[in-house]
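Trainee: What Swiss-Prot shows for this protein is this:
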{"type": "SIGNAL", "residues": "1-20", "note": "signal peptide"}
{"type": "DISULFID", "residues": "C75-C89", "note": "disulfide bond"}
{"type": "DISULFID", "residues": "C82-C94", "note": "disulfide bond"}
{"type": "DISULFID", "residues": "C88-C109", "note": "disulfide bond"}
Amino acid sequence: MKTIIVFLSLLVLATKFGDAKEGVNQKQKKEVTQNEFREEYLNEMAAMSLVQQLEAIERALFENEAGRNSRQKRCLGENVPCGDNIPCCGKLACEKTAGYGWWYKSPYCVKPTSG
(Lines of atoms letter the chains of each structure in order from A and count residues from 1; the text may use other names and numbers.)
(Lines give C-alpha, C1' and ligand atoms only; values in the text may rest on other atoms or scores of the structure.)
Protein backbone atom coordinates (compact mmCIF):
# COMPACT_ATOMS: atom_id res chain seq x y z
CA MET A 1 0.00 0.00 0.00
CA LYS A 2 2.85 2.36 0.85
CA THR A 3 4.47 1.78 -2.54
CA ILE A 4 1.24 2.64 -4.33
CA ILE A 5 1.00 5.92 -2.41
CA VAL A 6 4.62 6.76 -3.30
CA PHE A 7 4.05 6.06 -7.00
CA LEU A 8 0.80 8.04 -7.06
CA SER A 9 2.49 11.02 -5.42
CA LEU A 10 5.34 10.84 -7.97
CA LEU A 11 2.78 10.71 -10.77
CA VAL A 12 1.01 13.81 -9.44
CA LEU A 13 4.31 15.70 -9.08
CA ALA A 14 5.45 14.70 -12.57
CA THR A 15 2.22 15.89 -14.16
CA LYS A 16 2.21 19.11 -12.14
CA PHE A 17 5.80 20.18 -12.79
CA GLY A 18 6.62 18.17 -15.91
CA ASP A 19 5.71 20.84 -18.48
CA ALA A 20 7.43 23.85 -16.92
CA LYS A 21 8.46 25.23 -20.34
CA GLU A 22 5.11 24.76 -22.01
CA GLY A 23 5.27 27.86 -24.22
CA VAL A 24 8.76 27.11 -25.54
CA ASN A 25 7.94 23.46 -26.18
CA GLN A 26 4.77 24.34 -28.08
CA LYS A 27 6.64 26.80 -30.35
CA GLN A 28 9.32 24.23 -31.09
CA LYS A 29 6.72 21.56 -31.80
CA LYS A 30 4.88 23.89 -34.18
CA GLU A 31 8.05 24.75 -36.11
CA VAL A 32 9.13 21.14 -36.35
CA THR A 33 5.72 19.91 -37.48
CA GLN A 34 5.37 22.69 -40.06
CA ASN A 35 8.78 21.94 -41.56
CA GLU A 36 8.22 18.19 -41.54
CA PHE A 37 4.78 18.44 -43.05
CA ARG A 38 5.96 20.82 -45.75
CA GLU A 39 8.76 18.49 -46.87
CA GLU A 40 6.72 15.33 -46.46
CA TYR A 41 3.77 16.83 -48.30
CA LEU A 42 5.96 17.78 -51.26
CA ASN A 43 7.65 14.38 -51.24
CA GLU A 44 4.30 12.64 -51.02
CA MET A 45 2.88 14.67 -53.90
CA ALA A 46 5.92 13.83 -56.03
CA ALA A 47 5.55 10.15 -55.15
CA MET A 48 1.84 10.23 -55.99
CA SER A 49 2.48 11.79 -59.40
CA LEU A 50 5.14 9.14 -60.05
CA VAL A 51 2.70 6.40 -59.04
CA GLN A 52 0.04 7.84 -61.35
CA GLN A 53 2.51 7.93 -64.25
CA LEU A 54 3.53 4.32 -63.63
CA GLU A 55 -0.11 3.22 -63.44
CA ALA A 56 -0.83 4.93 -66.77
CA ILE A 57 2.14 3.16 -68.40
CA GLU A 58 1.09 -0.18 -66.92
CA ARG A 59 -2.50 0.30 -68.10
CA ALA A 60 -1.30 1.05 -71.63
CA LEU A 61 0.93 -2.04 -71.68
CA PHE A 62 -1.79 -4.37 -70.43
CA GLU A 63 -4.33 -3.01 -72.91
CA ASN A 64 -2.00 -3.90 -75.78
CA GLU A 65 -1.33 -7.36 -74.40
CA ALA A 66 -5.02 -8.11 -73.85
CA GLY A 67 -5.76 -7.24 -77.48
CA ARG A 68 -3.21 -9.71 -78.82
CA ASN A 69 -4.84 -12.80 -77.32
CA SER A 70 -1.46 -13.94 -76.05
CA ARG A 71 -2.86 -17.07 -74.40
CA GLN A 72 -4.05 -20.07 -76.39
CA LYS A 73 -7.75 -20.77 -76.02
CA ARG A 74 -8.89 -23.97 -74.39
CA CYS A 75 -9.20 -26.87 -76.76
CA LEU A 76 -10.18 -30.51 -76.69
CA GLY A 77 -7.95 -33.53 -76.87
CA GLU A 78 -8.01 -36.52 -79.20
CA ASN A 79 -11.16 -38.68 -79.65
CA VAL A 80 -13.45 -36.04 -78.16
CA PRO A 81 -16.60 -34.68 -79.86
CA CYS A 82 -16.04 -31.32 -81.52
CA GLY A 83 -18.01 -28.79 -83.51
CA ASP A 84 -18.20 -25.14 -84.52
CA ASN A 85 -18.25 -23.86 -80.94
CA ILE A 86 -15.81 -26.43 -79.53
CA PRO A 87 -12.43 -26.33 -81.32
CA CYS A 88 -9.83 -29.08 -81.43
CA CYS A 89 -6.24 -28.55 -80.34
CA GLY A 90 -3.64 -27.24 -82.80
CA LYS A 91 -2.51 -30.43 -84.58
CA LEU A 92 -5.89 -32.20 -84.47
CA ALA A 93 -8.67 -31.92 -87.03
CA CYS A 94 -12.43 -32.08 -86.50
CA GLU A 95 -13.59 -34.94 -88.79
CA LYS A 96 -16.45 -37.41 -89.02
CA THR A 97 -15.01 -40.82 -88.32
CA ALA A 98 -16.22 -44.36 -88.87
CA GLY A 99 -15.67 -45.18 -85.20
CA TYR A 100 -17.58 -43.09 -82.70
CA GLY A 101 -19.09 -40.71 -85.23
CA TRP A 102 -21.72 -43.02 -86.64
CA TRP A 103 -23.15 -43.68 -83.18
CA TYR A 104 -23.13 -40.15 -81.79
CA LYS A 105 -23.58 -38.45 -85.18
CA SER A 106 -20.97 -35.78 -84.49
CA PRO A 107 -17.41 -35.15 -85.68
CA TYR A 108 -14.46 -35.99 -83.46
CA CYS A 109 -11.01 -34.52 -82.88
CA VAL A 110 -8.55 -36.86 -84.61
CA LYS A 111 -5.06 -36.67 -86.04
CA PRO A 112 -5.38 -35.51 -89.65
CA THR A 113 -4.96 -38.26 -92.21
CA SER A 114 -2.37 -37.69 -94.90
CA GLY A 115 -3.73 -38.16 -98.30
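Even glycines carry a Cβ here, placed using N, Cα and C.
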Trainee: Taking every protein chain shown into account, which of the disulfide-bonded residues C89, C109 has the largest tally of Cβ atoms within 10 Å of its Cβ?
Mentor: C109
Trainee: Distance between C94 (disulfide bond) and C109 (disulfide bond) at the Cα atoms, whole Å?
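Mentor: With the alpha carbons as reference points, the distance is 5 Å.
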Trainee: What is the total of other Cβ atoms whose distance to the Cβ of C82 (disulfide bond) is within 10 Å?
Mentor: 20
Trainee: Measuring Cα to Cα, tell me the gap between C89 (disulfide bond) and C109 (disulfide bond) in whole angstrom.
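Mentor: The separation of the Cα atoms works out to 8 Å.
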Trainee: For C89 (disulfide bond), which of the three DSSP-derived states applies: helix, strand, or coil?
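Mentor: For C89 (disulfide bond) - judged by DSSP and reduced to three states - the answer is coil.
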